[in-house]
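Features of the protein shown, as given by TrEMBL:
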- 33-56: transmembrane segment (TRANSMEM)
- 68-85: transmembrane segment (TRANSMEM)
- 97-114: transmembrane segment (TRANSMEM)
- 135-152: transmembrane segment (TRANSMEM)
- 158-176: transmembrane segment (TRANSMEM)
- 188-207: transmembrane segment (TRANSMEM)
- 219-238: transmembrane segment (TRANSMEM)
- 245-265: transmembrane segment (TRANSMEM)
- 271-293: transmembrane segment (TRANSMEM)
- 348-369: compositional bias 'Polar residues' (COMPBIAS)
- 348-375: region 'Disordered' (REGION)
Amino acid sequence: MCLGVSSQAMLWKTLQTEPSTKFLHVHPVVNHVLWWVSVALMVVVSITYLLKIVFYFEAVRREFHHPVRVNFFFAPWIACLFLVKGLPHPVWEIHHAVWYVLMAPILCLDLKIYGQWMSSGERRLSKVANPSNHLAVVGNFVGALLGARMGLRELPIFFFAVGLAHYGVLFVTLYQRLPTNVQLPKELHPVFFLFVAAPSVASMAWTRISGEFNNGAKLLYFVSLFLYVSLVVRVNLFRGFRFSLAWWAYTFPMTSVALATVLYASEVDNVLTRSLAVGLSGIAVVTVTGVLATTMYHAFVRKDLFPNDVSIAITRRRPKFSKILAHLRSSGSDVKELVLSIPNFSSNSKQGAYSDDAGSNSRMSSSVGESPVAH
């Protein structure tokens, strides 16, 4: 959600400032409103997750060891980079220390995640590759984009190089879909749109690094545009499942393609490129508005925003908190059987590196009935 809304603030600022969209006469107040909404949303989500860390640390630990959810640990820092980039005032007024602070966690996560992809047994890329891994790459490109915009030189090129190298490996791995991979659950199909995000943001980053939308930026942009169209025409891949927060995966990639198209239209200025920039920007705005309205409806009217978020993963590592262990000891025999069967469950899960929350919950429910361990 933070990525989708903060990238919208960045989009409207770009529509206001770029020569190719000057004819739209976008008022600066739109960027101001969206930016403050993004900040408010970021604060609310951050406080909520901090409370989750305090009161449900075991769930957070399991998320960090989950092959899909671990990639979303990059999201807060990417959203903050977008907030700085979409700031209503000129970005060069921001001190360079802000960029270093935001990129330090991304570098630490890069060392952790990329190291696992390369050398870890059950967590190597050929085992856990899924479209959400693109978030682990996009952070490097967004950091390079903002760093180059702030006047930095060497470190933005460093992060761009690291992101580009791992994007190439990830792209080939996801296209191959090795037999060791398991297909994503249907509810997570919207994350396939993350295929579009990396090359589109990379094209913008290289534009800022090189100072112009040159052939290198065009190559990356055309790849993102082709992937965008190839996903849009595959209607059956994105229908037949109910609403979930995974739908927000549509918003950020669509906005990033629209942003890259606006920059491309400023370089290749004609009626076709302007029309494409306005059209893709309109689609991105409508998508974000629709998903936001649907989210509010499910959150406050139907109150079923988190239907599958009961359990997220089963790992070999036992819980470390004494209260959890005491609760397990005091539970019935069915709970004890679940604890003893965790290693067997983990060994069986080698055949499928990840599963959706609903599947995981149903397996636990079948073993323990109404046991509170599932919660």
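Cβ coordinates come from backbone N, Cα and C, glycine included.
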Result, the transmembrane segment (245-265) in contact with the transmembrane segment (68-85) (3+ CB pairs under 8 Å): no
Positions whose Cβ lies under 8 angstroms from the transmembrane segment (135-152), at least six residues beyond its ends: 71-72, 74-75, 77-78, 81-82, 84-85, 91-92, 94, 96, 99, 102-103, 106, 109-110, 113-114, 159-160, 162-163, 166-167, 170, 194, 197-198, 201-202, 204-205, 208-209
Stretch with greatest number of CB pairs under 8 Å, the transmembrane segment (97-114) reference, 158-176, 188-207, 219-238, 245-265, 271-293 candidates: 158-176
Considering the transmembrane segment (219-238), which listed stretch of 188-207, 245-265, 271-293 counts the most C-beta pairs under 8 Å: 188-207
